[in-house]
Amino acid sequence: MQTLTVDLGERSYPIYIGVGLLARSDLFKQHLAGRQVAIVTNDKVAPLYLEQLLKTLEGCEVTSVVLPDGESHKNWETLQLIFDGMLVARHDRGTTVIALGGGVVGDMAGFAAACYQRGVAFIQVPTTLLSQVDSSVGGKTGINHPLGKNMIGAFYQPQAVMIDTAVLQTLPARELSAGLAEVIKYGLICDAPFLDWLEANVVAMRELDMTVLAQAIERSCAAKARVVGVDERESGLRAILNLGHTFGHAIETHMGYGVWLHGEAVAAGTAMALEMSVRLGWISEAERDRGLRLLLKAGLPVIPPEEMTPGDFLEHMAVDKKVLGGRLRLVLLKQVGEAVITDKFPHEILEATLRADYRALVAQLGE
Ligand code: NAD
Ligand code: GLY
């Protein structure tokens, strides 16, 4: 087992990474606030892993809340089911919420933990690659609004993150690829040598080579922990973790939550951020193409939905959380391995990026 730390003073916490952590009673019990536990999961993950976790928590007073699966349920109505389950079972302030699932469950359970009786303990047990490398670390929690992705939420750090890599064996291939979008992100924004490693290992990751997956998870979590440790509440640096997300969130909101997976929308959004960085003269076409090739090798889309017009993008991007004082700020690449957040770009370059022919860009890669 590997242990990393998210260093946030009195709110610091460990990230444990290893095979079989779901069965580690000692580890779980070390981070529980008391005997009461509310496991929040969904109807896809529960049949796979709930029984194991219940066994691990034997001796605790456990309530299981099983939510409907999917991004389209990341909303107020579903959040209410968590509060209903906890209140009916009379959970008090000494309870611990455990999120057992992907990023959707983790974001909602974390938000519920932040709100329930003004805040109770919380443990993340991420079960998708995306949640293991990104969403379970750093304390962003929340739900979607019909007008904008993740618009309602709170910063609320967990007591611990338990990453059991064995659960990836049941993850559908499309979801594994979605997680790779966030892994590739770390290489592009802050760890250029990681891109070389990914180019050599992405196929093994897609084939579920557990050793390689664990290495990628550890390196990704370490990058995220570093950034969050510097800027927990996104007053600056943390925004770089949103490379491709402003374009991507527009895709998710416009297409309907769940139609494009979050990681897929981020991948197409990253292609757009790469293209805009080329148009600003910051990276070369060859560097953009390298990024596109890696995303494609990871099984990800790099062509935004053809039915979305530049106007559609601009409308959705106007409600992005990075809009400040009415000005849109975007995360772009100054160079490969160095991202910046900026509102200093000519609007025509953004428009040209939205109008660019991504199908032609892929065709010229000759893949
Ligand atoms: P998800 O939670 O919808 O999980 C994807 C699918 O895999 C779901 O159907 C889920 O039930 C299923 N699943 C989960 N674990 C499984 C397993 N081990 N075996 C088989 N099936 C399994 O999606 P996701 O990609 O994990 O997360 C996306 C969400 O995370 C989005 O809502 C996004 O906004 C959010 N997010 C949050 C942060 C953050 O910092 N909080 C960062 C990135 C993404
Ligand atoms: N996924 C972006 C962040 O955690 O800040």
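Along the chain as shown, residues are numbered 1 onward.
Note that Cβ sites are derived from N, Cα and C of the backbone, with glycine treated the same way.
A TrEMBL annotation is a machine prediction, not a hand-curated record.
Checking the candidates GLU182, GLU199, GLU315 against TrEMBL: the one annotated together with HIS245, HIS262 at the Zn(2+) site is GLU182. Under 6 Å, Cβ to nearest atom of ligand 1: this is the test, and of the binding-site residues ASP69, GLY103, THR128, HIS245, HIS262 it is passed by ASP69, GLY103, THR128, HIS262.
Burial estimate for the binding-site residues (HIS73, LYS149, HIS245, HIS262): highest at HIS262, by number of other CB atoms within 10 Å. The Cβ of ASP69 has fewer other Cβ atoms within 10 Å than any other of the binding-site residues ASP69, VAL105, GLU182. Shown are the binding-site residues GLU71, ASP107; of these, the residue with the fewest other Cβ atoms within 10 Å is GLU71. Assigned with DSSP, the residues of the domain '3-dehydroquinate synthase N-terminal' (65-177) fall into helix, strand and coil as follows: 50 helix, 34 strand, 29 coil.
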